[in-house]
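A.B. asks: Could you have a look at this structure, given as structure tokens, before my questions?
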Amino acid sequence: MKQYIKQHKTYLLASFFIPVAIMALVYLLNGIYPGSDRSILASDAFAQFSNFHASFQQVLLGKQSIFYTFNAALGLNYLSLAAYYLGGIFTPLVLFFPNQLMPDALYFLTLVKFGMMGLSFGVLAKSTYPKLTDTLRLALVTCYSLLSFAVAQSELIMWLDAFIYLPLVILGIQRLIAKQKVGLLFISYFLLFCTSFYFGFMIGVFSVMFFFVQLVANFRQTKASIIPFFMTGICSGCASMFILLPTLIDLKTNGESLTKISQWKTEDTATLDLLVKNFIGVYDTTKYGSIPFIFVGLLSLICLTLYYLNKRFLLKEKIAYTVLIAILIASFYLEPLNLFWQGMHAPNMFLFRFAFLFSFIVVYLAGFGLTDIYHYSRITLSYTCLFWLLLFAIAYFGKAEKEYLFLTPSSAWITAIVLTIYMILFIYRNHFSKKIFSLVLLVIAFGEMSINSYYLILGIRNDWVYASRSLYTDPYPAISALVGYTKQHNQDFYRLENLDPVSVNDAFHYNYAGIGLFSSMRNRHASSYLNQLGFRSRGTNLNLRYPNNTLLMDSLFDIKYNLSTQPVEKYGFSQKQKVGDYQLYENHNALELGLLAPKDIYKVQQPQFDNLASQKNLFNALSRQNQEYFKFTIVSLVQQTNTKIDENGNITTYIQQNPDQEQKITYQVFIPANTQAYVSLFPFDFSQLDASSATVTTAHSSYESQIDINGQYYNLGYFNQDTTFQFTISLNGNQKLSFLTPKVLLLDTNAYQQAINVLRQNEVAFQVNKNQATATFEAKEDQVLFTTLAYDKGWQAKIDGKKVPIKAFKNALITIPVKKGKHTLTLTYYPPGLFLGTGISMTAIVLFSIYCHYQRKKLLR
């Protein structure tokens with residue numbers, strides 16, 4: 001290895017730094033660089049990746065468990081979340097970046113990963129194309145490392161690792177066939193599966209297909225590798241079980257159901273898609289309605305054609321590769337195949353996630369075509385370029401007028417010019433030395449991939465918007481200081497929520513326990529139950545949001561603190577601290593994590609579609625009260641601006657008159673003394689909303705919420721005396737929005753306080769540390785310890801040192817039947833499947849080592 005690196009040091013460094021340099025330049029031209037105001041955080045990178053990477057730094061510093069986090073959604077299997085979002089050998093580099101500089105950390109990691117894509121393909125190219133000069137290999141490296149799929153989805157940083165390992169897996173297969181050496185294939189598979197089980201599945205399937213292509217192309221040489229190949233694949237998969245098995249169990253428990261095949265053809269695809277997406281600089285969208293990103297350089301297309309024209313390669317080999325390419329193309333158009341590659345789950349935007357495999361096989365075969373570039377006649381090279389010019393002309397001029405509106409004249413001109421330059425270079429290649437020819441070819445490839453990458457990053461910028469750094473970093477000092485204050489003044493567990501958050505996943509960034517979560521890895525049972533109690537988490541529970549719920553839920557779920565840039569007008573809340581724009585409010589009625597409840601608590605009735613009845617019944621059952629907390633009162637219209645109000649039964653529709661102005665509706669309501677008031681805005685049709693928002697403004701505050709993902713009870717404030725009150729609702733987004741006729745919800749704070757006073761007598765305080773929660777309490781009779789921790793089969797409970805069963809409340813929360821007397825409870829969490837998976841991993845590594853030893857002895861004979 002040392003000798004290899006020493007011998008090819010310049011080439012390897014170039015393979016790494018060429019894509020790094022191009023991407024750094026492309027980002028710079030789009031206003032993104034270390035310390036720039038525009039950050040690299042776009043789409044999910046802002047809410048998810050920046051915060052999850054920040055939390056991983058807490059893991060590395062020993063402040064957070066790798067197995068479990070209390071940060072969000074009543075508690076979460078952190079190992080599964082890390083396996084999905086934070087896998088890879090480069091993630092630990094976040095240790096060198098303060099959380100406030102996480103945008104720079106992700107910028108740095110993105111460049112490193114693009115560089116490693118170039119390096120891994122460079123190693124593959126060095127082995128696969130021995131007759132090529134290093135300069136020509138670098139042209140291929142440039143094409144692969146900046147393939148459109150990777151650049152267009154570069155904000156999804158955890159996907160990039162898979163593109164590093166793909167060339168190494170293929171190189172491992174080559175070494176296995178040629179030398180019967182399995183080490184590289186095993187390590188590449190192992191790292192791939194540990195890094196990304198999702199893309200590991202795609203690449204695993206593709207590699208099996210690739211192996212069968214080699215089998216068809218050269219059966220005599222390849223047949224001896226059949227058993228070693230499958231043995232290596234199985235052993236590497238089993239060796240990854242320490243991370244794979246817990247993640248797969250979590251997905252089975254909390255994942256979405258498989259997508260049913262409802263049509264044969266994929267949606268929004270058309271005949272010319274593949275041609276159109278091979279123009280330079282074409283970006284449509286990565287949201288719904290996109291077509292596959294497959295561009296991997298015009299040079300790759302030209303050389304792919306030359307490969308098929310080259311008689312040196314066997315016909316059966318070409319047919320085998322053609323079948324592989326045909327399967328991938330068919331997968332773009334046939335829904336069953338499309339879903340198969342993606343694990344039978346329809347993706348949530350970022351479609352055709354296997355498209356990079358098509359790009360890889362194109363550039364891989366292009367390398368063989370490029371190898372004999374000096375042996376082709378001028379006519380062959382000219383006609384090849386003209387062939388592609390003709391195809392692009394047919395695509396551009398043959399498309400319907402309203403088709404492919406994202407294909408601009410500038411893309412067409414640039415594509416035509418670059419193809420023409422390639423054609424001229426090929427025709428006059430004999431006028432240059434091979435060194436100059438290779439260098440010019442590299443420069444052209446560098447140019448076309450740079451231009452393409454620039455337009456793709458510009459497309460992301462327009463499609464998703466790269467967030468301003470200030471949005472992420474400016475609130476940090478204040479929020480961090482106030483969170484630090486709460487930690488200094490509390491030994492027992494508590495939760496905190498920010499009413500003016502940077503993102504829904506702030507709890508991961510600042511390391512506090514909260515409610516909100518936006519993640520593909522989540523506890524769906526707990527989130528569904530919280531949705532039933534008014535914390536909105538609809539559908540597949542991808543989003544769970546804290547805002548716009550009642551005081552009962554603040555207290556029950558131990559929301560001891562609220563952060564806000566405005567006054568928090570909630571009964572029982574008082575301001576404790578202020579730093580910068582943020583104020584910290586303490587909820588004096590927040591209950592502890594545990595409550596001693598009657599044994600019949602499991603019988604409580606909670607209507608699935610009536611969150612107020614669910615709240616009331618649960619609160620009364622826990623407090624043994626029979627209180628009526630809620631009632632509604634009607635509102636009267638005072639003023640309307642830029643809206644037409646259409647009332648039909650209990651449905652009120654607001655119709656925007658001028659699309660450039662928001663709708664404003666002012667209402668008046670009488671609120672009796674000792675009341676917490678909310679206006680209820682429940683959408684009649686969620687599909688009508690898109691990203692529409694509602695802002696409720698009172699005399700002292702104004703809070704905006706995205707209607708479809710936040711709760712329905714918008715806070716109007718606490719009133720200690722009879723008040724006639726006005727408030728304004730401002731609506732933005734869709735031109736027409738329908739709600740169940742808005743009413744004001746009145747919460748009787750006297751009844752609420754009576755229940756709280758009773759519950760205070762049954763509180764059980766918990767202390768939490770990493771993956772453990774402990775409590776000491778005294779039960780006055782045989783009772784149930786009710787907690788607001790999310791139920792998960794990974795929890796184990798011990799009372800006074802003896803293991804006791806955990807009982808799931810509504811399949812969502814942890815409860816434990818307890819006997820009368822004083823007790824010490826210890827709850828410990830390990831992801832289900834962790835120990836079995838670790839055992840399988842160790843066994844697989846041992847067995848594979850024995851197998852390798854046997855293979856070496858066999859080869860020595």
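Glycine is no exception: its Cβ is also placed from the backbone N, Cα and C atoms.
Just lifted these from TrEMBL, have a look:
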TRANSMEM  12-33  transmembrane segment
TRANSMEM  78-98  transmembrane segment
TRANSMEM  105-124  transmembrane segment
TRANSMEM  136-152  transmembrane segment
TRANSMEM  189-213  transmembrane segment
TRANSMEM  225-249  transmembrane segment
TRANSMEM  291-309  transmembrane segment
TRANSMEM  321-344  transmembrane segment
TRANSMEM  350-368  transmembrane segment
TRANSMEM  404-427  transmembrane segment
TRANSMEM  439-460  transmembrane segment
TRANSMEM  829-852  transmembrane segment
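Help me understand the surroundings of these features in the structure.
C.D. replies: Beyond the transmembrane segment (12-33), the same-chain residues lying 6 or more positions past its ends with a Cβ under 8 Å from any Cβ of the stretch are 5, 39-40, 107, 110-112, 114-119, 121-123, 134, 138, 141-142, 145-146, 151, 154, 446, 449-450, 453-454, 457-458, 461, 466.
Nonlocal intrachain contacts for the transmembrane segment (78-98), taken as residues 6+ away from its ends with a CB within less than 8 angstroms of a stretch CB, comprise 48-49, 52-57, 59-61, 64-69, 104-105, 108-109, 112-113, 116, 158, 161, 191, 194-198, 243-244, 246-247, 250-251, 519-521, 831, 834.
Same-chain residues lying 6 or more positions outside the transmembrane segment (225-249) and placing a CB less than 8 Å from one of its CB atoms are 77, 79-80, 83-84, 87, 172-173, 176-177, 180, 182, 185-186, 189-190, 193-194, 197, 200, 204, 207-208, 211, 215, 831-834, 836-838, 840-841, 843-845, 847-848, 851, 855.
Here the transmembrane segment (321-344) has long-range neighbours at 198, 201-202, 205, 209-210, 213, 258-259, 261-267, 269, 273-274, 291-292, 352-355, 357-358, 361-362, 365, meaning same-chain residues at least 6 beyond its ends whose C-beta is under 8 angstroms from one of its own.
Same-chain residues lying 6+ beyond the ends of the transmembrane segment (350-368) with a Cβ under 8 Å from its Cβ atoms: 121, 125, 128-129, 132, 137, 140, 143-144, 147-150, 153, 156, 159, 162-163, 166-167, 170, 198-199, 202-203, 206, 286, 288, 290-297, 299-304, 306-307, 310, 313, 321, 324-325, 328-329, 331-332, 338, 341-342.
Same-chain residues lying 6 or more positions outside the transmembrane segment (404-427) and placing a CB less than 8 Å from one of its CB atoms are 272, 276, 279-285, 298-299, 302, 373, 376, 378, 381-382, 385-386, 388-389, 392, 396, 437, 440-441, 444, 447-448, 451, 455.
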A.B. asks: Taking pairs 6 or more apart in sequence, does the count of Cβ pairs under 8 Å between the transmembrane segment (291-309) and the transmembrane segment (136-152) hit 3 or more?
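C.D. replies: They are in contact.
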A.B. asks: Under 8 angstroms, Cβ to Cβ: which one of 105-124, 189-213, 439-460, 829-852 has the largest number of such pairs with the transmembrane segment (136-152)?
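C.D. replies: Comparing 105-124, 189-213, 439-460, 829-852 against the transmembrane segment (136-152), the winner is 439-460.
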A.B. asks: Could you pull out which residues elsewhere in the chain have a CB under 8 Å from any CB of the transmembrane segment (189-213), counting only those six or more residues past its ends?
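C.D. replies: Same-chain residues near the transmembrane segment (189-213) but 6 or more away: 83-84, 87-89, 158-159, 161-162, 165-166, 169-170, 172-173, 222, 225, 229, 232-233, 236-237, 239-240, 243-244, 247-248, 317, 320-321, 323-324, 327, 341-343, 353-354, 357.
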A.B. asks: Within the same chain, where does the transmembrane segment (829-852) have neighbours whose Cβ lies under 8 angstroms from its own Cβ atoms, ignoring anything closer than 6 residues to its ends? I mean 6 or more beyond.
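C.D. replies: Contacts with the transmembrane segment (829-852): 65, 67-68, 75, 77, 79-80, 182-183, 186, 231-232, 235-236, 238-246, 248-250, 253, 771-772, 792-796.
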